[in-house]
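Here the structure comes first, spelled out in structure tokens, and everything after it is commentary.
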């Protein structure tokens, strides 16, 4: 019998057919890890497991080999209102660190490698790329608009593919979701699209590599930032990274303390102290910073210890033994150092095949747990896969406060053992740490279909026990603990991890099986060789190597009848991770190839035998001028092997894959043995390759790393202002000049003069260079990295081609005499910028041009001949130039020009002084003739207040040498002390990179002393009685 009422259980009905949420066994806990692509995955571990167990599971899940650069971060739960970001300590119990569930962690890069080229494994590079891109999107890696547009163009190239008009809207859509900053101009997407067109042909790995190489030059790259206040109660940000400690105020870097100068790090409650050695190497200065809380202060101190130990030491120091009474923190980083990581990679066996599928991160506008202080701890509780961002998201208004700086090359041959304590000072002792750039892998050959079994096999191996150790007791630490450390402090433990299902990956659905071509972003791959090229996709495996390509790029290459870019084979057993490439396909346009590290003469030696597996074949085509872009030295007639002595930036040799590097030994040229050839014969063979049987392609068989096993470390430009020794204020004014020159002589003898020079910034922080990078102005720059500051650039008023010229005003003031020497420092004119050059000379009323280069040097055009022959007239726009005098001596050429404006019929006279005795490479052996030339320039300046134009080829090297020499001469005549480093700093505040090399700086310092001691320059009578 039915009654008139009933019920319907909604909850029970919906639960029918659903898979119940699995709960971990009682003796296990579930940890949720969010990866850099915003996907999450659940890992189950034993309750009492150490952090290393979870780390190893994550590393094996992501198939990461170079593990030491990464870590897991979580939000610390405590009684304070402020949230704290902490790194998971591998050596401690996980539950004790995170207190209570949910155990939600985030996979992040912990140690940012200074040179992305050191990352051998592509999986590692991709994780770095995702991390740096995320930092950029979220405002934690500020840069100017030009740099942001360039980096964004590489992102689009890597994730969308080659630029096409029909996909231009896709590029704009991609950028709108990935880079959302309210301060960007409306035409930002168009600027990115213009740069995107220059990257046609770059495969994802090449675009990502270029992205990382440009990003690492940003000042806040790799910085772990903590808020604080300085002694003047100004809000500051303290960044800790691979190069040392940087201090920022309102987005501007105020100071930098390199690890080599730091003697001690300590903290007490909210006070963080840095003991820094002064330039004299004897005295020390204590820098005190106040941090927001005592806990954050301790985290900052720990971060400094970890960064210093990882990047500067060979092995971590031993943990001090516990005593009866312990005071101060005993924290020490016990993980593996970068040196150990590189050494292990060098001895690791070569890897086999591994399919690689990229995926786009989810939209960055969804803010995460770490986006602000108002976030509650509950917001970090996740039960399902979700979207999140990285910790510490600053306001987007800080984006344009930073400026992109070029990386300064610091040649370091030693690392320091740094003393850490909570209450005392300690001395830093040097340790030799040669870093080898060669790294390989030890994976067995397999395909993606066998990846789960591979993971299980790898997990059975010993897991390296790395992490941090801190005793419960607190005590200070003495420097001998690190200085006498000899053991690596690495322990082995066995990690037992369950096999991971092949259907679940951190990239979710984007990590598809090998048989499904993944072409959603303009790239397609497949595991088997295609029988034809109609699919616009090629196999990622060619002769046992990994290869990926853009379908569009392949089709275009095939249409031209040229080898497609994806057929560039990457041999994982080669020291270069590659065996052959075509330079014309390696890169296009901006950022074609990452710059290499400088190498010292000591690195050109090898004591170890080199096997046959280290022989690499490089293929390259000449540029449109018929040049390959490299020089060699040696030969049978010189009893020296043929070694690559120079590789020009942006040349074919620089862009080819693998890149040709300085120090490589050339064994064969187009199959011919060069061991018995003379130097001239070798050069002839290289030049003849342009018309050889290979269709103009040069084949070099080289032995890399033989003469440069110890690759030196790149560090970004230091804006810490070095302060060399100065004359004391108590010294009478009449003696300050002689005392300052004596200090200069002592610095030259000790070599400190070079150290001071290399510490000085190359480009002034905060000075923008946006005008020179506009599309209309790119062709007006002789070298793409030599650009004028926007604030001090010379602006043309009546030039048909626009107001831009690569030139800066440089004014050098002599305080006591009231003299201001005015210069216009510019690059050597190009053929199509000669008219602009003469317009500048006319508009600035210049009467003297100083030229410090010849037209060609070693067969290369250094400057266009922008003047007519003697008694001839040449038209440059509205200006008529006539050479009325041409006199040449052994060291100089003197010319006089008549310039007439056709519109106004006004005529002027301009003198050109060309110094031709400067050698093609290096500096003159004897400064005598150069001193005489500078004296003649000073005489030509007398009685004139108008600027003189000074140029060489780039307008920074020899140009800076002359400006410094003349300024020093004026200071000597005014009886003022001479500090060359201060002069260079003033010069670089007006034009970047003036005086380009340490050799040039040393030469001009020696010239100053030589001119003073010879009496060429001396104090004038009216100033000598001060």
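Count begins at 1; order follows the chain as displayed.
Even glycines carry a Cβ here, placed using N, Cα and C.
Checking Swiss-Prot for region 'Disordered' across the ranges 430-456, 457-483, 538-564, 619-645 points to 430-456.
Swiss-Prot assigns the feature region 'Disordered' to one of the listed ranges (327-353, 489-515, 651-677, 678-704), namely 489-515. Of the listed segments 287-319, 584-616, 716-748, Swiss-Prot assigns region 'Disordered' to 584-616. Cβ-based neighbour count (10 Å, all protein chains) for residue 952 (active site, phosphocysteine intermediate) stands at 26. Residues of the domain 'PDZ' (617-689) grouped by DSSP class, helix first, strand second and coil last, total 18 helix, 25 strand, 30 coil. This prediction places the mean pLDDT of the domain 'PDZ' (617-689) at 83.
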